[in-house]
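Asker: Below is the structure I would like to discuss, written out as structure tokens.
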Amino acid sequence: MTRQTGAPQGNPAANRNPGTTPGGGTSHDVGAGWSAGAEAAGDAGTAGRTGPVPPRSVAVIGAGTMGHGIARVFAAGGVPVRLADRTVELARAGRDAIAASLPERDATVVDLVTPVGDIAEAVTGAALVIEAVPEDLALKQVVWQAIGAHAPRDATLASNTSSYDIGLLATAAGAPARVLGMHWYNPAYLVPCVEVVRTAAVEPGRVEAVLGWLTALGKRPAVTANTAGFVGNRLQFAMVAEAFRCLAEGVATARDIDAIVRGSFGFRLGDYGPFEIADLAGLDVYRAILDYLAEHLGERFATPPNLVELTAAGRYGAKSGGGVYEWPGETARRARADRDRRLAARLNSIDAGGQNR
Ligand SMILES: NC(=O)c1ccc[n+]([C@@H]2O[C@H](COP(=O)([O-])OP(=O)(O)OC[C@H]3O[C@@H](n4cnc5c(N)ncnc54)[C@H](O)[C@@H]3O)[C@@H](O)[C@H]2O)c1
């Protein structure tokens with residue numbers, strides 16, 4: 001497996017784990033969990049930034065739950081947005097939802113959003129087109145035909161699909177070299193990560209341009225390959241499926257399952273990803289747990305060969321100086337101190353918000 005070198009060092013600026021990109025590249029700095037905290041989540045403005053800049057104009061197709069939230073992110077970054085739906089009235093409803101979601105009903109943001117009832121009109125002059133119509137493949141393919149027919153020849157075209165093969169949409173558009181996935185999470189203006197899905201056919205530079213645009217808007221993008229569920233939904237839905245199984249087997253009530261996730265491993269997930277947590281816990285421990293779970297709960301818990309390989313090589317994580325990440329010198333001690341500080345701050349903020357259920 002690919003090992004990440006120079007990973008957790010306890011210095012937020014220097015330790016942005018780039019993550020393993022599908023092509024094996026680790027070139028972009030996305031500020032993964034270990035270094036979270038420097039940027040405000042959501043649609044931060046771009047004033048004073050000297051790095052990446054947002055796209056000059058955007059069309060968002062579908063003004064529902066996701067479309068209006070995505071449109072808000074760009075408008076809040078100063079980007080003119082054409083927000084399209086089946087009718088201009090539905091598109092106006094999307095713009096109204098943006099206005100209602102803004103703490104101060106900021107007119108400068110809302111005024112940058114133009115509702116339209118027609119895809120051809122929406123995509124005219126757009127540097128970036130984002131499709132966010134319902135998860136219905138036949139519907140999406142019709143919409144993608146229209147996008148392909150009318151979008152400018154140099155526009156980057158993105159789908160917010162949660163699960164579909166981006167290649168099917170790219171084919172419908174007739175422009176595979178310009179199509180990629182852009183998987184946002186709800187609410188789009190608050191959840192920092194956007195998965196950027198790199199297809200085999202997308203031309204060099206498109207993915208990198210999107211990463212720059214998102215970074216300019218205060219987002220924390222990460223790259224995935226074009227596989228079912230990408231990374232986020234693959235992991236999230238593995239948990240959801242197991243939660244339903246626990247419920248069906250009477251292991252706990254729905255309320256207790258939610259409380260366990262919120263208050264235990266889920267409590268850490270806002271700050272740490274699975275590999276960071278596993279390296280600090282001990283990969284030998286994780287392997288032993290998985291071996292037992294596989295024996296008692298079945299093959300879906302089978303220990304993955306790359307975990308077997310690491311433990312067989314004596315790479316147990318922070319305690320052995322290396323696991324998924326490298327842990328030279330004092331890094332493990334510093335990372336544990338950093339973890340305790342972060343989690344204490346998280347606990348305090350939850351308590352302060354009165355949300356500790
Ligand atoms: N809801 C989520 O949490 C979430 C998260 C990530 C990704 N997604 C994905 O985002 C996409 C949109 O999901 P949503 O939850 O926003 O759905 P939604 O139903 O809330 O919104 C879809 C919008 O698309 C519009 N629409 C339908 N046909 C259209 C057409 N031909 N032209 C233009 N607009 C059209 C609908 O009128 C509606 O306003 C789906 O692919 C979904 O899987 C959803």
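Quick reminder: no glycine exception, Cβ is built from N, Cα and C everywhere.
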Asker: Which of these, Ser101, Ser162, does TrEMBL list as part of the NAD(+) site with Gly62, Ala63, Gly64, Thr65, Met66, Gly67, Asp85, Glu135, Lys140, Asn186, Lys319?
Answerer: Ser162
Asker: Taking Gly62, Ala63, Gly64, Thr65, Met66, Gly67, Asp85, Glu135, Lys140, Ser162, Asn186, Lys319 as the record's NAD(+)-binding set, what's the max Cα pairwise distance in Å, rounded to a whole number?
Answerer: 54
Asker: Looking at the binding-site residues Gly62, Gly64, which one has the fewest other Cβ atoms within 10 Å of its own Cβ?
Answerer: Gly64
Asker: Could you state the CA-to-CA distance between His183 (site 'Important for catalytic activity') and Met66 (NAD(+) binding site) to the nearest Å?
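Answerer: Each residue's Cα considered, His183 (site 'Important for catalytic activity') and Met66 (NAD(+) binding site) end up 10 Å apart.
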Asker: Based on a Cβ-to-ligand 1 distance below 6 Å, what subset of the binding-site residues Gly64, Met66, Lys140 would you report?
Answerer: Gly64, Met66
